[in-house]
Structures are given as C-alpha cells and as structure tokens.
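What follows is a set of notes on a single structure, which appears directly below.
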Amino acid sequence: MRPQQAPVSGKVFIQRDYSSGTRCQFQTKFPAELENRIDRQQFEETVRTLNNLYAEAEKLGGQSYLEGCLACLTAYTIFLCMETHYEKVLKKVSKYIQEQNEKIYAPQGLLLTDPIERGLRVIEITIYEDRGMSSGR
C-alpha cells in the first residue's frame, strides 16, 4: 500500500470538526501541504465520504436498539458471535480508505491512515518524497 522505498517527507493531520457537536466528523479544509499533490475536490470528497460513513455508524436505529436489547438479555455474550452495526461500518471505512489509497493517494506519493488507528482524533496523511526528484531524473 505504501509507495515503495520512498522516504517520508512529511505528514499532514486533518483535525476533527466539533462545530456540529461531538459526533465524529473531520474538517474538509484543504491543507496547503497537499497543493500540487492531489486535486482539491478529490480530497474534499474523500473527507465527506468518511464523515458520512462515521455518521452512519453513530446513527441510532432499530438495528442498534435490537443489538442493545440482545446484549442486555445475553449479558453481552452476544457480541462474541456477532458484529455490531458500528463494527460493520468501521470495516467499510477501512475498506474505503484502502481503495482510496490504492487508486488515488498512493500514486501521488500519499498515504491515508485509518482514523481508528489514531483514536478517531485525526486523519493522518503521510507525504512521501517525489520519486522523480529522489532518483535524479
């Protein structure tokens, strides 16, 4: 997934956006460090999609209510044999990030880190040195 043997030249951190409360969402402001590396609309679309997925994970509905009831009735042992709605959506997030890295970010010398690996505090984007510059071409 990581660009092969390219040294890290920096990291960018996309902070959480608390303007709408404490729900998990990240700022869509385009960081200057990514200028000339990735299209602004593509970056914003990635962050918006992640925000929508996290909103879906936190949404309370019939399934979440049923999971809670089953958990209470089984002394939470039900979670040994089934995934919660939240866990299923987190898997979707991981898959989406992996796809974005493969299709969009890695070819540009960038790597998105799953926010769950940073405690849902930030989206970390690692910037690798431009291969063309490092190989002397």
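Cβ coordinates are placed from backbone N, Cα and C, and glycine is handled just like the others.
The S-palmitoyl cysteine annotation in Swiss-Prot covers C69, C72.
Within 10 Å of the C-beta of C69 (S-palmitoyl cysteine) there are 11 other C-beta atoms, taking all protein chains into account. Around the Cβ of C72 (S-palmitoyl cysteine), a 10 Å sphere holds 10 further Cβ atoms from the protein chains shown.
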